[in-house]
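Trainee: Heads up, here are the entries from TrEMBL:
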type     : residues  : note
TRANSMEM : A:16-49   : transmembrane segment
DOMAIN   : A:20-439  : domain 'DUF112'
TRANSMEM : A:109-133 : transmembrane segment
TRANSMEM : A:145-163 : transmembrane segment
TRANSMEM : A:170-189 : transmembrane segment
TRANSMEM : A:201-221 : transmembrane segment
TRANSMEM : A:254-280 : transmembrane segment
TRANSMEM : A:324-343 : transmembrane segment
TRANSMEM : A:355-381 : transmembrane segment
TRANSMEM : A:387-405 : transmembrane segment
TRANSMEM : A:412-428 : transmembrane segment
TRANSMEM : A:465-487 : transmembrane segment
Amino acid sequence: MDLLDNLALGFSTASTIWNLGFCLIGVLLGTLIGVLPGIGATATIAMLLPLTFQIGDPVSSLIMLAGIYYGAQYGGSTTAILINMPGESSSAVTAIDGYQMARKGRAGAALAIAAIGSFFAGTVSTFLVAIFAPPLTAIALEFGAAEYFSLMIVGLVSAIALAHGSVVKALAMVVLGLLLGLVGTDVISGSPRFTLGIREYADGLNFVAVAVGVFGVAEILRNLENERTREVLMAKVSGLLPTREDFRAMAAPIVRGTAIGSILGILPGGGAILAAFASYTVEKRVSKNPEEFGKGAVAGVAGPESANNAGAQTSFIPMLTLGIPANPVMALMIGAMIIQGIVPGPNVASEQPALFWGIIASMWIGNLMLIVLNLPLIGLWVKLLTVPYYVLFPIIMAFCSIGVYSVNSNVFDLYAVALFGLLGYILTKLRCEPAPLLLGFVLGPLLEENLRRAMILSRGDPTTFITRPLSAALLAIAVAVLVVVLLPSVRKKRDEVFVEEEA
Amino acid sequence: MNSLKIDPTNGACGAIFIAFGAFFAIQSFGLDIGTTFRMGPGYFPLVLAGILIVLGVVIVIQATRVAGEPIGAIAWRGALFILPAPIFFGLTVRGLGFVPALFLTCLIAAFASHRMKPAAALILAAAVTIFSVAVFSYALGLPFRRFGPWIGF
């Protein structure tokens, strides 16, 4: 069977000592930084991204990057449970009941439940990726320029739908991101654009610099606004093993969470966050004692944690098959691929089978490492929480500077970090989400290229986008999403969800 | 009519988008626009810039209708020290060399927090520098000059 052959290739690629080592380093680094409160998975990956370029081999560096991703997510839940401060919006849900469990002295059990749920979800969704990626790739190979353009529109529109706050602002952020992505030499005509005469920006704004600035630096500034001491629930994390009742209480929510997460994760625009919320809502509804939720319900930890991990994994499907990022982290992965000289898209599976299947296999290995390593290491992570923030951020700034500079040895990239840090901070203060901007930035050049190609193929006839059936269907989806988001009733509901999240 | 009342958060937000849109639009006019059949380098950016300006205007109009939340505390001190740190590193990494540039960058960033004591900042910067030189310069072998020409080693 093809699937088994492919998986075998993947596992043999991922389990060389070299790649296992990078996976391990990635998982550990990701957890380490993910645990630190105030730094979410996206910022973590943005900051560690340059590090992965020091590895020459694209397979190893992407495996490490994927490891950082799961590690950071895992670390984020640890922080959410122990100090009620989610590093990431997707673990905001975990914080609700996880922190209550911790306050009742059941921190160990909560952490273990989160780990077991994540592992189960990770295993199932790895297989889902392996099963669904090849047929999707086959479809994607039929795509022409017009279809690609429409598909990217769907991705960008969905990113808007799932961003917090005002839809108009999110839309403006996407457009601004697209424009910033166009800075640099125009591929077709060779003329420089928007570089203000600075030759160093002729290759475009450095993706790493933009990501580090908008996510990393802006986040540090936000944390510096009001420095207060954190209350760490430190007493002692003991009793790691969940009781038999816990196991009984968590089994069904984990399965349901995995199913919800796997489906929603494929949606472009941050499915993992939505998945965690959806799972929490479902669990609360099906529970026999819904009044337990918010007071330390096991299902309230197990369901959302499984859902967000499943969603995190299946979000690799559009990235690997279509080259379209489903969330900012996938945008970072695509940026990493481009820097490593790989053209993201459906051809990756056929041209680089070892890379494609190696990443898929490494997802499962990474999850296994997390559960084996992190449960014993929890004590260490807890200690890390006591490191004061004012010690951390100078270290982060130093490493960011080295990292960004090491990508191209271009000092103008460092200036871009400061510039985008400032821009990111200002826009966050004005309640604009940075995620749509980054998605736009990555997709900008691709979108333009496909638009221009589609127009040349159709001899300047813009109806090509609606006369080609696949493209028309995709555009219809995009319009439908936009209309639904703008509907007053949905808008109200959406505001409620996000308000609940911030509470 | 109380059209003079503009919510400052959204007003500023819209203004920023309009300004960016205007910048990209003006720059695009300097490029070949082309036709829909053969789009020049200026075509797509011009369209996007137009959309951005419209969105900015919509946000400003919304700002006159609804009052948003206040902006909240601003990290002035943080911005004053954090943002120059990478710029300083960029300006000095070639001249001073990796070691002194990194040490000073870390030191500058450290003062962004009012909780940081000078002595602690020095120790922290020294520790980060030693660690980074060991890892990046020696172990990973990044091609940075440890001490640059300005120092005269």
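The first residue you see is number 1, and the count goes up from there.
Glycine is treated like the rest: Cβ placed from N, Cα and C.
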Trainee: Rank A:170-189, A:355-381, A:412-428, A:465-487 by Cβ pairs under 8 Å to the transmembrane segment (A:109-133) and hand me the top one.
Mentor: A:355-381
Trainee: Sort out the residues at least 6 away from either end of the transmembrane segment (A:145-163), same chain, that have Cβ-Cβ distances under 8 Å to it, and list them.
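Mentor: Sequence-remote neighbours of the transmembrane segment (A:145-163) are 170-171, 173-174, 267-271, 273-274, 318, 322, 324-327, 433, 435-436, 439-440, 443, 446-447, 450-451, 453-454, 457-458, 464-465, 468, 470-472, 474-475, 477-478, 481-482, 484-485.
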Trainee: Any chance the transmembrane segment (A:412-428) and the transmembrane segment (A:387-405) have 3 or more Cβ pairs under 8 A, given the pairs are 6 or more apart in sequence?
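Mentor: With 3 or more qualifying Cβ pairs, these stretches touch.
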Trainee: Taking every residue in the domain 'DUF112' (A:20-439), what is their average pLDDT?
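Mentor: Over the domain 'DUF112' (A:20-439), the predicted model scores a mean pLDDT of 80.
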Trainee: Which one, A:201-221, A:324-343, A:387-405, A:465-487, has the most C-beta pairs under 8 Å toward the transmembrane segment (A:170-189)?
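Mentor: Ranked by Cβ pairs under 8 Å, first place goes to A:201-221.
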Trainee: With Cβ-Cβ distances below 8 Å as the criterion, list the same-chain residues six or more beyond the ends of the transmembrane segment (A:16-49) that contact it, or say none.
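Mentor: Long-range Cβ neighbours of the transmembrane segment (A:16-49): 55, 57, 59-61, 63-76, 78-79, 83, 85, 87-89, 208, 211-212, 215-216, 219, 223, 230, 328-329, 332, 335-336, 358, 362, 365-366, 369-370, 373-374, 377, 381, 384-385, 387, 389, 392, 396, 399-400, 403, 435.
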Trainee: Does the chain bring the transmembrane segment (A:201-221) near the transmembrane segment (A:355-381), so that three or more CB pairs sit under 8 Å (pairs 6 or more apart in sequence)?
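Mentor: Touching, no - the transmembrane segment (A:201-221) and the transmembrane segment (A:355-381) miss the threshold of 3 or more Cβ pairs under 8 Å.
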Trainee: How about long-range neighbours of the transmembrane segment (A:387-405): same chain, 6 or more residues beyond its ends, C-beta under 8 Å?
Mentor: 36-39, 47-51, 206, 208-209, 212, 216-217, 220, 223-224, 227, 411, 413-414, 417
